[in-house]
Amino acid sequence: MGIYTQAPTKTYPFDRVFGPEADQAMIYNDVVQPILEEVIQGYNCTVFAYGQTGTGKTYTMQGDLTPSVTGGPCADAGMIPRVLSRLYQYLETSVADYSVKLSYVELYNEELRDLLAPEMSAPAGSAQPMAGSGKRGVLIQGLEDTPVKDFNHAIALLRKGSHRRQIAATKFNDHSSRSHSIFTITVHTKETCSKGDEALRVGKLNLVDLAGSENIGRSGAENKRAREAGMINQSLLTLGRVINALVDQSPHVPYRESKLTRLLQDSLGGRTKTCIIATVSPAKCNIEETLSTLDYALRAKSIRNKPEINQRMT
């Protein structure tokens, strides 16, 4: 008679866990709305989606960009359109003097591309990350922030950029993102305080859709697709090494080994408030990748950033 031994269980403590029944509005209200409020107060914040290819990162961050009958985001709209809608609702009713600027870049095969450039004639790689000074973090040389007047203008730019992103079909996903993308909203507000002074605040929100980690053998990637997957996995491995170095308080953090980690430098161990949305598959055949994603997110949860408010009085 055999002895039945139960498989070992591992517990992962996270702030929130959303099951298959969770909708976009629930995730936005619980996770992203409080972060937007911090941005309006003048903090730099980052939300990034990380996980295996095909588990819903782009759906979560971008979702359906078709407007609802009322003109706002539809039920399947992701975090970016919901943030833009709520931001303009707040600014138009509560703040007398404000400006909003957007940028949208993709990192494809370790080359940066401005997705909002007037013409895509600029060669890939013409935009480069470089060190910023003081509170400005990492700047991208050659990248122009685009002033945006209202929600409809912002959505039009988001659509334009998302159409230009590199996608391809794999066995896991008909529209697999082959690049990492970073959509950045910069909000300047000016408010008059009770003493007559003016408070100038600058908040920045980076909404990052990472390309999915991929088992090349299982996804059926060949030739160009396999090279893309290799570059994606390499940048994600570097991101993992950066996270480990920060958690272990290593004297050297390898930010410069990948443009992805260079761009996310301030979000990892810097002045930014950062939230990771880890997407996982419910399928048993993906258990290895699921555990890898959860381990990755758990390590990242141990990083301690030092946020500072961007405000000055005049």
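Note that Cβ sites are derived from N, Cα and C of the backbone, with glycine treated the same way.
Per-residue confidence over the domain 'Kinesin motor' (1-303) averages out at a pLDDT of 85. Residues annotated as domain 'Kinesin motor' in TrEMBL: 1-303.
Of all Cβ atoms in the protein chains displayed, 25 besides its own lie within 10 Å of the Cβ of Gly51 (ATP binding site). Residues or ranges marked as ATP binding site by TrEMBL: Gly51, Gln52, Thr53, Gly54, Thr55, Gly56, Lys57, Thr58.
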**Q.** Which of Gly54, Gly56, the listed binding-site residues, has fewest other Cβ atoms within 10 Å
**A.** Gly56
Q: Enter the number of other CB atoms within 10 angstroms of the CB of Thr53 (ATP binding site).
A: 25
